[in-house]
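Student: Please read through the structure below; I'll follow up with questions.
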Amino acid sequence: MTNIRKTHPLLKIVNNAFIDLPAPSNISSWWNFGSLLGICLILQILTGLFLAMHYTADTTTAFSSVTHICRDVNYGWIIRYMHANGASMFFICLFMHVGRGLYYGSYTYMETWNIGVILLFATMATAFMGYVLPWGQMSFWGATVITNLLSAIPYIGTNLVEWIWGGFSVDKATLTRFFAFHFIFPFIIAALAMVHLLFLHETGSNNPTGISSDTDKIPFHPYYTIKDILGALLLVLALMTLVLFSPDLLGDPDNYTPANPLNTPPHIKPEWYFLFAYAILRSIPNKLGGVLALVLSILILVLMPFLHTSKQRSMMFRPISQCLFWILVADLLTLTWIGGQPVEHPYIIIGQLASIMYFLLILVLMPMASTIENNLLKW
């Protein structure tokens, strides 16, 4: 009799996705981040659910309800910090996952890639709304500043902002709707992740060489299940080290002050994972221009398949492109650093140069390097 996992309608789907899936024999640890992102998402949904049981989405009690979770709820402190730092781990895995895609040319699977970009936007939106919920100073002013950016949209901008706020400023209505959206979005992300996987399994995984691996496949289980479990253990180790030793390392001290609309913090800044985009936003002195640059800094990923001029898919055998890729990584780290600094000399000019460099590398230098490498191969 055929094994039940191959005949049962539900188990068959699981089997074809995680057990008998033919996978390339040479995918490295850079291919672990997909499963790690899945684990992060499950962890965030579970910790978030338990937090939602004790949280109140009201301006008068939101801050004290978070304090209550940390002080009075059984293991509330660990759930809260796992959720807050889990978001950081989520974004670390996301950036690594996208970086892997850029380096090894995974963006040539266009459907998978575009769903991935939508997933990135959805995750960023979710994290932003989640940051508003504790209703500390940085929550309130972060929400005010970021939502206000939409007022740069010509003609409908102001109406749009007031519609999102549910009033004439960030207030009770804003907090309530942000909580509602923050709760529903992870489930939308989970659904999109399923579609992401569906499209990936239409083509099969890429591999470090960028060459077709159809002639050399191995079953996903046990090889990559074991590998993913190791990755998961390392992820949990890193997360719990952060949670138990320095839970506030990546947070902002200002968020331990209750939100006060009458007192603006000296330096308004988002969480660390948004700082690179925030630096690009601030580097343009025009409001609309800044907002466009902010959106384009991530939307530019959609253009990657069209900017690919190389005859090879992966950067594995392309030293010039490799060099430019790591310059891009360094540039993004520079932007992250600048985003957290005050708007003064020399940070302004460094931010502007790093922003120009970012777009120049992706739009001009990397496609040029690929063309040069193509010509070098002719010799």
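Cβ atoms here come from the backbone N, Cα and C positions, even for glycine.
Annotations for this protein, taken from Swiss-Prot, read as follows:
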- His83, His182: heme b b562 binding site (BINDING)
- His97, His196: heme b b566 binding site (BINDING)
- His201: ubiquinone binding site (BINDING)
- 33-53: transmembrane segment (TRANSMEM)
- 77-98: transmembrane segment (TRANSMEM)
- 113-133: transmembrane segment (TRANSMEM)
- 178-198: transmembrane segment (TRANSMEM)
- 226-246: transmembrane segment (TRANSMEM)
- 288-308: transmembrane segment (TRANSMEM)
- 320-340: transmembrane segment (TRANSMEM)
- 347-367: transmembrane segment (TRANSMEM)
Student: For the C-alpha pair, I'd like the distance in angstrom between His83 (heme b b562 binding site) and His97 (heme b b566 binding site), rounded off.
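Tutor: Cα to Cα, His83 (heme b b562 binding site) and His97 (heme b b566 binding site) are separated by 21 Å.
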Student: Can you tell which of the binding-site residues (His83, His196, His201) has the fewest other C-beta atoms within 10 angstroms of its C-beta?
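Tutor: Counting other Cβ atoms within 10 Å of each of the binding-site residues His83, His196, His201, the minimum falls on His201.
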Student: List, by number or range, the same-chain residues at least 6 past the transmembrane segment (77-98) whose CB is under 8 A from its CB atoms?
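Tutor: Same-chain contacts beyond the flanks: 30, 33-34, 36-37, 40-41, 43-44, 47-48, 50-51, 66, 69-71, 116, 120, 123, 127, 130, 235, 238-240, 242-244, 247, 250-251, 271-273, 301.
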Student: Which bits of the chain, at least 6 residues beyond where the transmembrane segment (288-308) starts or stops, bring a Cβ under 8 A of a Cβ in it?
Tutor: 98, 102, 105, 107-108, 110, 113-114, 117, 120-121, 124, 149-150, 152-154, 276-278, 280-282, 355, 358-359, 362-363, 366-367, 370
Student: Where His182 (heme b b562 binding site) and His196 (heme b b566 binding site) are concerned, what is their Cα separation in Å, rounded?
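Tutor: Cα to Cα, His182 (heme b b562 binding site) and His196 (heme b b566 binding site) are separated by 21 Å.
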Student: Is the transmembrane segment (33-53) close to the transmembrane segment (226-246), in the sense of at least 3 CB pairs under 8 angstroms with a sequence gap of 6 or more?
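Tutor: Contact confirmed: at least 3 Cβ pairs fall under 8 Å.
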Student: Can you tell me the CA-to-CA distance separating His201 (ubiquinone binding site) and His97 (heme b b566 binding site), as a whole number of Å?
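Tutor: Cα to Cα, His201 (ubiquinone binding site) and His97 (heme b b566 binding site) are separated by 17 Å.
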Student: If I restrict to non-local contacts, at least six residues apart, and a C-beta distance under 8 angstroms, what lies near His97 (heme b b566 binding site) in its own chain?
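Tutor: Those within reach of His97 (heme b b566 binding site), by Cβ under 8 Å and sequence separation of 6 or more, are Phe33, Gly34, Leu37, Gly116.
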